[in-house]
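J.: Positions annotated as compositional bias 'Basic and acidic residues' by TrEMBL: 89-105, 180-194, 227-253. The compositional bias 'Basic residues' feature in TrEMBL is assigned to 195-215. What TrEMBL lists as domain 'CBF1-interacting co-repressor CIR N-terminal' is 8-44. What TrEMBL records for 23-46, 84-105, 129-150, 175-254 is region 'Disordered'.
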Amino acid sequence: MNILPKKRWHVRNKDNIARVRRDEAKAAEEENERKQRLKQAEREAKTNLLRDKARLRVGCKDFISLSEKTEDEFSGHINFFQELEDGHEESNRKNKEHEKEKKEEIEKYEKQIGYLTYLGQDTNEALGKKNWYDQAPIRESDKDEELNLKSKVKDDPLEIMKKYVPSTYIQKNITSIKASDIETRKRKQSESYSHHSHSKKKKKHKKKCKHKSRRKSYDSDSDESTDLEKKQKIEILRKERIEREKEEKRRSDALLAQVKKRDVSSNAEIVQRKYNSQFNPEIARQNFSQ
């Protein structure tokens, strides 16, 4: 319905909407006036009926007409501010704040249903909404764990390479690591031996726990020894690779040096020049054998 809103025949044009509202308000006002006239006519008919009944009961002589006004009521000066003094004018005044709130509510409702739209304003601006492509997608929280994380880490090629790559500390000083590992092994063996001698003095029901602790210490020693052996093998392989690379580089340098010598010897032929600024002296006449 927002196609060609500037046309006069458009349904949601401002002028057409205002005309419809005026017609509706006028019709409602006329209906209220008609109802008020009907009510007033009914009241007058009832009062006349009751007066007739009362007149029959009382008699014609004692009847006093209420519709007739005496001359005393009109005597005196005319007060143009009588309604203001009595307070009728204040009661007939409209409350500006109430009218403003009512107008804002009507505008809000018209914007929601799409009746009221300003120039250059679309429906989303009028309703205060956003399109789905203007909003960021709703993502899961960062606390949620990733699916199949263990299998991904297990199959990660970087994690597999870390097993075969030595640490930087081992590459720098392998001898110091060996010495420190040997000292730690000796210390742990002495501690396990002292612990074993001390455990003999305790009760029998605690022997199982002691055996478990000894097993754990021995297992840890074996694991450390295997790790050390792996590191040593990796370091040996690394040294062999470096030596091979050096040897290949040495051979390539020697081969390139031989090629360079040949080029120098070929270009070292003596060329006779007739004068210094001669171009292409190698193809000059004096350089050809007679």
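All positions are counted from 1 along the displayed chain.
Backbone N, Cα and C atoms are what each Cβ position is placed from, and that goes for glycine too.
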J.: Count up the helix, strand and coil residues in the region 'Disordered' (23-46) according to DSSP, in that order.
T.: 24 helix, 0 strand, 0 coil
J.: So what pLDDT does the domain 'CBF1-interacting co-repressor CIR N-terminal' (8-44) average out to?
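T.: Averaging the confidence scores along the domain 'CBF1-interacting co-repressor CIR N-terminal' (8-44) gives 89.
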